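Visitor: Attaching a single structure in structure tokens format; questions to follow.
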Amino acid sequence: MPEWRALAAHRDALGDVHLRDLFAQDPGRAERYGVQVGDLHLDYSKQLVTDETLRLLRDLASAADVAGLRDAMFRGERINITEDRAVLHTALRAPRDAVVEVDGENVVPEVHAVLDRMSAFAEAVRGGKWAGHTGLPIRAVVNIGIGGSDLGPAMAYEALRPYTRRDLDVRFVSNVDGADLHEALHGLDPATTLFVVASKTFTTIETLTNAHAAKRWLLESPGGDASAVAKHFVALSTNAAKVAEFGIDTSHMFEFWDWVGGRYSYDSAIGLSLMIAIGPDRFREMLDGFRLVDEHFRTAPPERNAPLLLGLLGVWYGGFFDAQAHAVLPYSHYLSRFTAYLQQLDMESNGKSTDREGRPVDWQTGPVVWGTPGTNGQHAYYQLLHQGTKLVPADLVGFARPVAGLGELAGQHDLLMANLFAQGQALAFGKTEEEVRAEGVPDAQVPHRVFPGNRPTTTLLAPELTPSVLGQLIALYEHKVFVQGAIWDIDSFDQWGVELGKVLAKRIEPALTEGSEVEGLDPSTTALVARYRTLRGR
Ligand code: F6P
């Protein structure tokens, strides 16, 4: 595309320009390079961009028709071309009176019907009206799911912990490693435990294995017979037949639809465990937050469109700086699972190397997304961010106030945020040799103590981590990922890359247990299987 070539020429012209120079030449960028969406303020002044860069990036977005694909998504067109599906997570937070059609049928009434059923169920559990098989109220909820059926609700449960009912124990099990379920069940009473089995397809081996194990645990408990399952298991799925086959009454199933991708699903029925924890009202506040950013993405002009901007910045570093990674560094303990959630959202969506027409791409697509909450990361891997040889653009996410009612015995919040601001400054501006020398550092140490800086960051600042703000943040990243997929011309909504491993695992398992021959196994894996069997005494 000529727009891509124009950006390449512009990148050459920028050369090794430093953020120090960009600020010296244009002090107004601190004010100008900010955008507000809902409660979120995005400061991108510490990005390696000029007005010209931003203009050229917007030209690229327009040449790639990001807006056209966005509108097609919101209209319910089948933009997930390899699976021939609509992509309508935005309908999950549409208001009751909205009309969003899939194949000529308005899906909004169904969305609200399920939300209403979820709300009634969540209230019944929270109010002790939904009792276990012995008549005791539910005290613990165990969500069994994996990937999009785990990461979203688990992340949001942590994020909104201050809003949760503390007398209800909510736990998440995902790994097929029996240790996960074992630990989750530790100390729980089967008579007061509700299992929420979350699986879009209801065929995922990890989830079904854990769900069967949980069922056995219930059945082996005093008075636990088949009728107990009805009181202790509910399902979240699109596949009623498989839910029934497992033994869960489909009247205890909360439905969603094939136009909701797994990694885009936690605001659907997949959020039931979260809703039980925070209550339906808070859940709806979260949906309002999502919706606010959806509307912004749909209507804000390109210059002020936050998801567009974030997406374009990622394209800029991947395409023209060969950046391989992107760090998301939340300065909030409650966002401990935020980056893990974004890993699936981003990497399962945009970790592709085939364009929408099936041709190999010859440009960078999705980055390696990683990060953990500050300030912990500062004492672990930030060394590489500051002085390593790799360029890792980062998002610093912080909040002006600690969550309301949180005890703060020693002014921790200001100190936390001082660290966020300090990291943004140090990454961008570094510390020059002259500055190091002026501190009287011994000559031999000077080169080691210079910080090159010029590491780009976006700072995302919101007043407080509320349910609505969480919804806003997630929608912001969902649409950022969308923008990048549109520009890279890939299908962000399939995930064929996870299939091969699943198929091979199914083939290898009998070799581990029964010692059967596995056709087509490579010599290295054959030797490992043999060693494993010996170690297990088989
Ligand atoms: O990892 C592949 C995947 O299909 C994800 O996209 C999905 O979120 C996860 O598995 C779980 O799938 P399901 O909800 O069908 O159990």
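Note: Cβ is positioned from N, Cα and C throughout, glycine not excepted.
The structure displayed is predicted, hence computed values, not measured ones.
What TrEMBL lists as active site, proton donor is GLU348. Taken from TrEMBL, the feature active site applies to HIS379, LYS502.
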Visitor: For HIS379 (active site), write down the residues of its own chain that are at least 6 apart in sequence and whose Cβ falls under 8 Å from its Cβ; none is a fine answer.
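Guide: Non-local contacts for HIS379 (active site): none found.
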Visitor: Cα-Cα, whole number of Å: LYS502 (active site) versus the residue listed as 'active site, proton donor'?
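Guide: With the alpha carbons as reference points, the distance is 15 Å.
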Visitor: Validating a neighbour-count step here. Other CB atoms within 10 A of the CB of the residue listed as 'active site, proton donor': how many?
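Guide: Here the count is 22.
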Visitor: If you draw a 10 Å sphere on the Cβ of LYS502 (active site), how many other Cβ atoms land inside?
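Guide: Its Cβ shell of radius 10 Å holds 11 other Cβ atoms.
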